[in-house]
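Here's the structure, in structure tokens; my notes come after.
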Amino acid sequence: MAKGEFIRTKPHVNVGTIGHVDHGKTTLTAALTFVTAAENPNVEVKDYGDIDKAPEERARGITINTAHVEYETAKRHYSHVDCPGHADYIKNMITGAAQMDGAILVVSAADGPMPQTREHILLARQVGVPYIVVFMNKVDMVDDPELLDLVEMEVRDLLNQYEFPGDEVPVIRGSALLALEQMHRNPKTRRGENEWVDKIWELLDAIDEYIPTPVRDVDKPFLMPVEDVFTITGRGTVATGRIERGKVKVGDEVEIVGLAPETRKTVVTGVEMHRKTLQEGIAGDNVGVLLRGVSREEVERGQVLAKPGSITPHTKFEASVYVLKKEEGGRHTGFFSGYRPQFYFRTTDVTGVVQLPPGVEMVMPGDNVTFTVELIKPVALEEGLRFAIREGGRTVGAGVVTKILE
């Protein structure tokens, strides 16, 4: 019988390493692949060098270096993202290029929490990473067990400061390097055969147990951003787009949300894909949705079709933003309060006015900043929604809605 027939049945979870430079994120990422590969032939090992030279990818007009690895435990299949540079982390988390269901915070026991440790925890809070598990690395370099307790306490305090449950978060102590060196010596090392390898398994157990399996997109309330609208003579108005979440079928009541002064309700009279009728459209499908009693003028690109009551239009919000550097194709100069770029949400640009927080005079290219935006038209918004900031069609920043104001 073929090995690896079970792959599809395991729940899938997205994770990633975060933490200060040189605390061992990439070494740990490599160790996770080696350790799980010893027990599972489906896992491909990735060594430090493979992960460190991460390929460039583009998300919302921004170039980001990101390494993706995959591994599995008996319970789950994981996609894991690791970024080589600090700026890459900021860009990655703000654009949501690699969404994380949970993060592994790596802290060197020899150094304790450092500036980027704090910055990454803050970012995780702002962009809505729901769970953090801590790996206290390099414990072989610290002789005094009391020092380890102290570092653990500092990390827990820091997590509490940013509204993570610091007292409940699992903290695993180990050495990614010693585990990786053991796996290099004997790639078949199993759980129970080496204390450092066992620490990696302890981390995997914590990830399995502590980070819940996310609700699949298809089980969330229906939402489809409208990309295009046309009329089918004799049948009515069709809105096309890719279903972002949930499902839709004939007879469902939906709301048309955003851009218009009023949200209006209508009923789905048909769902089509490549000109063929569908029983039901689900998350990820590109479909045309036929709407009852809606004229061609009453629905437009940039609106969303959604399950009634699941999302509302707003004009004012707070956002966490990364401003592109000049070398990344961004602005050459800073900007002030009153700056009026376009904000690109899902399928459309809407002009908005930026209000910087008290004490911040100016924002420079390369900055990571939080500010308030007031849009000239209402858009279907929710916390965690990503957007691009554009000027004359080019991307100058990326952001995520952290709080809806009105």
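Note: Cβ is positioned from N, Cα and C throughout, glycine not excepted.
Swiss-Prot has this to say about the protein:
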DOMAIN    10-215  domain 'tr-type G'
REGION    19-26  region 'G1'
BINDING   19-26, 82-86, 137-140  GTP binding site
BINDING   Thr26  Mg(2+) binding site
REGION    61-65  region 'G2'
REGION    82-85  region 'G3'
REGION    137-140  region 'G4'
MOD_RES   Thr395  phosphothreonine
Shortest C-alpha distance to Thr26 (Mg(2+) binding site) - which of the recorded positions Gly19, His86, Val139, Thr395: Gly19
Distant-in-sequence Cβ neighbours of Lys25 (GTP binding site), under 8 Å, six or more positions away: Thr17, Ile18, Gly19, Asp82, Val106
For Cys83 (GTP binding site), the number of other Cβ atoms found within 10 Å of its own Cβ: 25
Nonlocal neighbours by CB distance (under 8 Å) for Val139 (GTP binding site), same chain, sequence gap 6 or more: Ala109, Leu148, Arg173, Gly174, Ser175
Intrachain neighbours beyond the region 'G2' (61-65), with Cβ under 8 angstroms and 6 or more residues off its ends: 54-55, 83-85, 88, 91-92, 95, 97, 322, 324, 328-329, 388, 390, 394-395, 398
Cβ neighbour count within 10 Å of Asp22 (GTP binding site): 13
Neighbour-count leader, CB within 10 A, recorded positions: Thr26, Thr395: Thr26
Taken over the domain 'tr-type G' (10-215), the model's mean pLDDT: 92
Fewest-neighbour residue among binding-site residues, criterion Cβ within 10 Å, set Gly19, His86: His86
Cα-to-Cα gap, Asp22 (GTP binding site) vs Thr395 (phosphothreonine), nearest whole Å: 31
Collapsed DSSP category at Asp22 (GTP binding site): coil
Pairwise Cα distance for Cys83 (GTP binding site)/the residue listed as 'phosphothreonine' [Å, integer]: 22
